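This report refers to the structure that appears directly beneath it.
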Amino acid sequence: MTQDYKATLHLPATEFPMRGDLPKREPAMLERWEREGFYAQLRANAAGRPLFVLHDGPPYANGQIHLGHAVNKILKDIIVKSKYLAGFDAPYIPGWDCHGLPIEIAIEKKYGKVGVKLDAAEFRQKCREYATEQIDLQRRDFKRLGVIGDWDNPYKTLDFRFEANEIRALAKVVDNGHLTRGVKPVHWCFDCGSALAEAEIEYADKVSPTVDIAYPARDPAAVAAAFGASLPAGVGVAVPIWTTTPWTLPASLAVSLGAELDYVLVEGPADRGQPRWLVIAEALAAKALARYGVGEVVVHGHAKGAALEHMLLNHPFYAEREIPLLLGDHVSAEDGTGAVHTAPGHGQEDYQVSKQYGLLERYGAAQINPVDGRGVYLPSTPPLRDTVLAGLHIWKANDVIIEALRETGVLLAASKMEHSYPHCWRHKTPIAFRATPQWFISMEQANLRADALKAIENVHWYPSWGQARIAGMVDGRPDWTISRQRTWGVPIALFVHRETGEPHPRSTELLRQVADRVEQGGVDVWYTLDASELLSSEAADYEKITDILDVWFDSGVTHEAVLPDRGLPKPADLYLEGSDQHRGWFQSSLLSGVAMDKAAPYKQCLTHGFTVDEHGRKMSKSLGNGIEPQDIMKTLGADILRLWIASADYSNEMSLSQEILKRNADAYRRLRNTARFLLGNLHGFDPLQHLVALDEMVLLDRWIVHRAHELQEKIVAAYARYDFAEIVQALLNFCSVDLGSLYLDVTKDRLYTMAEDARGRRSAQSAMYHVAEAFVRWIAPVLSFTAEELWGYLPGKHVDNVLFATWYDGLAPLPADAALSGADFDKLLVLREQVAKVLEPMRANGAIGAALEAEITVAADAQTAARWQPLAEELRFLFISGDVTVTAASTDDIFVSAQPTTKAKCVRCWHHQASVGSDPRHPELCSRCVSNIEGPGERRRWF
């Protein structure tokens, strides 16, 4: 009867669960971290180390967090945790952006606009309460993601201290000469009722009307003469313009030409029976005339645009308004007519060229900009012949103006076109340029543009194309409009002279005094402040500005308002946000930083892409393809979400679907099972008593420590350059190849069959201990919950949390004098694959059931054979086969052959050995197993 030898084997045993059960375990860990003050402990443990500051870009305090929020916060968390392991103190202070229109709209929906049910102070208080509620909801979800940080003490742009620091930051900007005030055309949202910054604009397709309008020359003969032409009697001359915004024609004050463009004087369509010649850019003449129904291009003269400067035209429907011809660099011959109708109240280039020619001084504000903040023509807007424009919304006015002009002879062509047009990012509605009195941070006044472009060069951009992208944006951007005509925000706390409109000469000092008061009582202090308290006898000459600061200024000055307050250095080491922030937070922070300190507020800038479904489509409720992070955490756990984020190429769009989540759950199981196998085989191992020195290890064990050392160097370098996908791939490969299909498989024999305290067994356990110690650290930044769980099961004494440790220092490369080098092992592993290929058909045809039933012969050249023959006795353990013979042959190749063994099988180790039955006490065991049970035990050197 077969004796049961199971009790003599040392099979794996661990209480580390096979199933992660993350949705249940993770919340329990979070509760413990909260209870124990984990973040405070982490900071205390890292005290005195070099600082690494990842400064948090504040999400807006409105609505539940979505997948994009999760991507952003988890990427930041991975970096922060990797920095602790790398020996840094890496404080993370989360923040929230709390002012602005979305919160105002939420309060307006409930209480109406300011003055309906609530006065301004009450309205601001409701906004403050709403934002605070939203922060609490978002904070709960961010913490559930496993993100560590100072959640009990975040920065909020609504805090009195922050609001005060923001006003102090404005004082610095003023002090350095960057603030300016003027009536300039700015992006204006009629739904917001306010100016918009560049970052608040997104482009979408819009169908617009296109019209060609003729501006008749006041002195047709003079225009013809500039072309060297003699004008026949009864022939008129006009300059046609092409525009997609007919609603701006009432504000048209000039027509701009290109100084060096070539223009032709051509025969155009008749004007109510009167012949008419037109001035058109030569490159566009044929196309324009075709639009007007003129088939043949008849040219009467050529001239440069410069020859027509200062000549006068008539406005197409305001006969008393003379329209000068100006020269502008913005005019091109790409489309239209080469002549641009110029409305300085509704276009940046129009404004600049009109200012250059002194045109603005000749007109009143209502003529420059006849449109109010709701998009309606002012009461003073003159009619178009019999058509009343006053009170008409500009989007309706387009068709009305076109119809009215059909009767006048100035409408040469009308059509429709779809084109990319600026829209409000909140309302998704078209916006317009509108000249209004605003406060600006000037890009030129104190060299801000040039200084910002220089500062960009001193920042490390991830990906590298980010540098060119933001540089192009800064190079081409207009002045930064920082004023908003809204209620909920930080006031532009300036006093301006009632007559001149100039800021008080002591503005920076006064701003700081106001800031001190705001720090005690919040922004309401500004609105209740009696000017005489600060200005004394001057108070009657000055008035307070009631505009508030752009929310991009709020978030853009966090480097000034937060970091010094928390004892953290400037510039921050890293800013990390979505790729849309090149025109948003990265840029507002850059401009404010350069305006205040002549330097970027960050050393490195990293961007991530947006989340899309598996087909590359944007996730949305209407498509039904959205995946919420809360749902992932409830069903799979935060660690699965974190693994997906780490494994994705976040520099591009990040695809997610249920199938992708399933693949990540499978990858997680592979990592968890590897950890569990390591722990199972470390049962009964105490590193203080049983650890075998590296130079005394069995060579295979020493090799796996060497491989782990190589991998750790790769992983640490990848964390440092934020390449998390490489880390995940390398980890999975290590678990599958180096450990799973090789090392863990080969060492089972030693671990299970040797005596418990045998040197060969303790050697394998020591190697696994080193690998486990390193492994738990490798995964900790990504799989934070699982790493914490695993940390609690490692043998030996440890600090309380894996993040209190640093990268494992127990690994080392193979020494130069090792009996087997890394290259030797590589060759042996190739040989192992060769053996497996030879055995495959034998298994398939039933010649053997398992590799242990085959005896192997390896024939190699004399030098290789001599190198491998000392290993032959143990090669069977590497191949997990029967006995192995190595022979020398006159060949450069290596030949492997195999034959079924005829030897008996040992019931304990399952190896087929001639020694089975040689000991009468154990007739079914091989001599090796007998020795391992009763004798001194076997010795291993190689495998």
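One is the number of the first residue shown, and numbering goes on along the chain from there.
Note: Cβ is positioned from N, Cα and C throughout, glycine not excepted.
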Stated Swiss-Prot location of motif ''KMSKS' region', expressed as one of 483-487, 578-582, 618-622, 933-937: 618-622
26-36, 59-69, 147-157, 202-212 - the range that Swiss-Prot marks as motif ''HIGH' region': 59-69
Extra residues within 8 Å (Cβ to Cβ centroid of C906, C909, C926, C929), Zn(2+): T753, V907, R908, W910, H911, Q913, V916, L925, S927, R928, V930
Cα distance (Å, whole number) from C909 (Zn(2+) binding site) to E577 (L-isoleucyl-5'-AMP binding site): 57
Cβ neighbours within the same chain of C909 (Zn(2+) binding site) - under 8 Å, at least six residues apart: D749, Y752, T753, C926, R928, C929
Nonlocal neighbours by CB distance (under 8 Å) for C906 (Zn(2+) binding site), same chain, sequence gap 6 or more: H912, Q913, V916, E924, L925, C926, R928, C929
Three-state composition of the motif ''HIGH' region' (59-69), taking helix and strand from DSSP: 3 helix, 1 strand, 7 coil
Whole-number mean of pLDDT values that fall within the motif ''HIGH' region' (59-69): 94
Conformational class of E577 (L-isoleucyl-5'-AMP binding site) under the three-state DSSP mapping: strand
